[in-house]
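Q: Annotations per TrEMBL:
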DOMAIN    71-308  domain 'ABC transporter'
TRANSMEM  382-405  transmembrane segment
TRANSMEM  460-484  transmembrane segment
TRANSMEM  496-517  transmembrane segment
TRANSMEM  524-546  transmembrane segment
TRANSMEM  615-634  transmembrane segment
Amino acid sequence: MKTHPLTDEENEHIVLSLLHQVGSVHDNIAFVESAPTDVTVNSSSHRYNTSTGIKISFHDINYHVGRTQNQRLLSCGKSQPSQQILCNISGGFSSGMNAILGPSGCGKSSLLDILADRKDQNGLSGRVLVSGRPRSKTYKYSIGYVVQDDIISGTLTVRENLMFSANVRLQRSKTKEQRNELVDKIIRDLGLERCADTRIGTHFLRGVSGGEKRRVCIGMELVLSPSILFLDEPTSGLDSSTAENVMKCLHKLSREGCTIIFSIHQPRYSIYKLFDTVLLLSSGHTVYFGPANGILSYFALQGFKCEEHDNPADFALDVIIHCNSRSSTVLQQAYLKSVMCSNTENFTLDDQSFNEIISRSRMDEFYYVCIRTLRNTIRDPAMAASQIIVATLLALLTGLVFNQMQATVETGVQNRLGAIFFIVVNQIYSTATALEPLVQERALFIHENVSGYYRVSTFFFAKLICDLLPMRLIPSVIFSVITYSMTGFQVSFSRFFTYLLTIFISTVFGSAICFFVASLIPIFVVALIVVVFIFVLMMIFSGFLIDLQSIFPFLRWLQWISAFRYATNLLTINEFRNLTFCLTNNSHICPIQGEEILGQRDIPYGNDWDMWKNFVALIIMIFIFLTMAFIQLIRMKKVK
């Protein structure tokens with residue numbers, strides 16, 4: 001890229017060309033006068049849009065980002081100014097391919113999120129209008145937004161993912177046949193027929209390609225028939241051929257009237273020529289806003305001439321990045337004085353409206369989220385098969401180590417206490433396997449909740465009923481049947497039922513802890529450390545490792561929040577009550593009663609309530625942690 005001095009003839013030709021382009025810009029951005037009326041999202045038509053395109057304008061957008069909590073700690077609380085990400089950005093997009101272009105860190109994604117109403121309002125000023133009107137509270141539920149990372153359920157097929165989006169987001173008036181027809185149309189239009197019944201893929205399961213996965217994410221937004229579709233770096237992570245195919249699909253949709261707005265870093269020419277409008281940013285300032293085919297003429301007028309056969313996008317970014325910083329400043333100032341900039345001030349309010357319809361049933365949401373959760377649970381080997389295998393192996397190990405314990409004084413007491421403690425510890429600790437899937441699902445929940453797929457309560461109860469409880473019940477039954485028969489605990493149906501119930505409730509408690517921590521901490525390694533710390537703390541104060549009366553008084557209260565203590569007390573009372581320990585197996589001399597052991601361990605056993613109050617304590621702790629998890633899901637920061 002070189003800068004050449006221009007002759008008078010060249011300047012005159014460029015000015016005439018630019019004026020022609022500016023006329024096109026004016027026609028494109030002065031859209032308020034021709035905006036459609038009574039636009040309704042989710043019409044009964046199988047077209048993706050119900051109009052010739054919704055227009056969105058933005059005026060004097062400024063966005064500042066303050067320091068994070070970690071940055072404040074590292075700076076020892078010293079006062080530092082906030083960073084300005086966007087500075088007085090104005091413009092508008094109508095139906096077609098609208099690109100927000102610029103180098104890394106220029107504010108592309110921030111502007112996209114602001115237009116999609118997905119940005120924290122702190123530090124944000126300016127106006128965003130849709131068809132000349134302010135956005136409503138339900139605006140973001142009626143648009144499409146495709147995130148940069150492909151956030152999608154990997155255990156479902158392409159068709160199942162699209163149907164899930166259609167089932168939970170479309171109006172109740174849509175029949176099952178209409179939804180199927182719409183999904184079939186999306187599959188055809190996005191070229192997904194070959195992989196329609198192929199699973200997306202997980203770490204353990206090979207699935208569709210990256211380009212197909214990206215198109216599925218786009219399709220899940222198209223079920224809404226959105227008038228506006230936002231995409232954050234739609235070509236990120238894709239090879240050149242796949243990226244071009246994805247952009248051609250978007251170009252086809254834009255020609256049906258959809259307003260497509262996307263951020264993109266450095267597109268190849270075959271992709272760039274699909275763009276209708278380009279907003280070029282540099283360090284949060286507008287450098288160019290107008291038709292994609294007018295950018296070279298504009299840069300040439302500013303003294304930056306593109307060599308023949310250069311990619312316009314590469315050329316523009318080279319000018320901004322590789323030239324001296326003065327070049328970027330010159331371009332910013334030139335834009336502020338240009339006709340293009342003055343035209344952005346022509347947006348006025350009118351009587352046009354963008355009507356959103358949000359009509360869905362809680363029960364419908366709950367049903368479809370439950371179906372998907374069950375499919376995920378059954379199909380994911382890390383969540384289903386591994387849980388059963390681990391439970392079986394641990395049960396066999398426990399049964400072999402504590403095989404057919406005798407009721408003798410010398411070994412019977414110690415072995416039974418050891419078996420009870422080991423069983424409770426490994427059952428609660430084994431629930432940590434549920435932590436990683438919960439942390440991974442956090443991003444999916446945030447995206448779908450913000451996009452209006454379902455309510456927080458729907459996700460919470462579906463996850464609880466169709467995932468956490470079933471995946472704790474089945475392994476608990478397997479473990480209990482094997483261990484109870486192999487270890488030689490007292491043979492009684494009521495005692496076995498109490499044993500099974502205690503094992504199940506203990507694992508549910510562990511899952512509740514994991515659910516809460518996963519909702520609180522997005523990093524798996526950190527979340528695992530926190531969970532293990534909580535378990536270790538409770539295990540220490542269970543009463544099995546140390547006499548609770550010998551520790552510091554100010555620490556003794558921790559025994560009352562130890563789930564290990566309540567679970568071991570339950571199993572100890574269940575096993576030792578009405579049990580006699582003899583000197584040998586065949587001896588009639590039985591000097592020790594089980595109740596004496598309970599008394600020595602300060603475990604009340606006088607009546608049934610002494611045993612079942614431990615069960616109630618576990619239930620209360622489960623309820624508390626699940627409630628905190630639910631509150632955290634509501635409070636979770638879902639905007640950037």
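Note that Cβ sites are derived from N, Cα and C of the backbone, with glycine treated the same way.
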Q: If we skip the immediate neighbours and take only residues 6+ beyond the ends of the transmembrane segment (496-517), which ones have a Cβ under 8 Å from one of its Cβ atoms?
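A: Hits for the transmembrane segment (496-517): 423-424, 427-432, 434-435, 438, 463, 468-469, 471-473, 475-477, 479-480, 484, 489, 527, 530-531, 534-535, 563, 567, 570-571, 574, 611, 615, 618-619, 621-622, 625-626, 628-629, 632.
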Q: Which listed stretch (382-405, 460-484, 524-546) has the most C-beta pairs under 8 A with the transmembrane segment (615-634)?
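A: Top-ranked stretch among 382-405, 460-484, 524-546: 460-484.
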Q: Six or more residues out from either end of the transmembrane segment (382-405), which same-chain residues have a Cβ under 8 Å from its Cβ atoms?
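A: Tertiary neighbours of the transmembrane segment (382-405) are 203-204, 376, 411-412, 415-416, 418-419, 422-423, 426, 430, 433-434, 436-437, 467, 471, 474-476, 478-479, 481-483, 485-489.
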Q: Pop the mean pLDDT for the domain 'ABC transporter' (71-308) in here, whole number is fine.
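A: Averaging the confidence scores along the domain 'ABC transporter' (71-308) gives 87.
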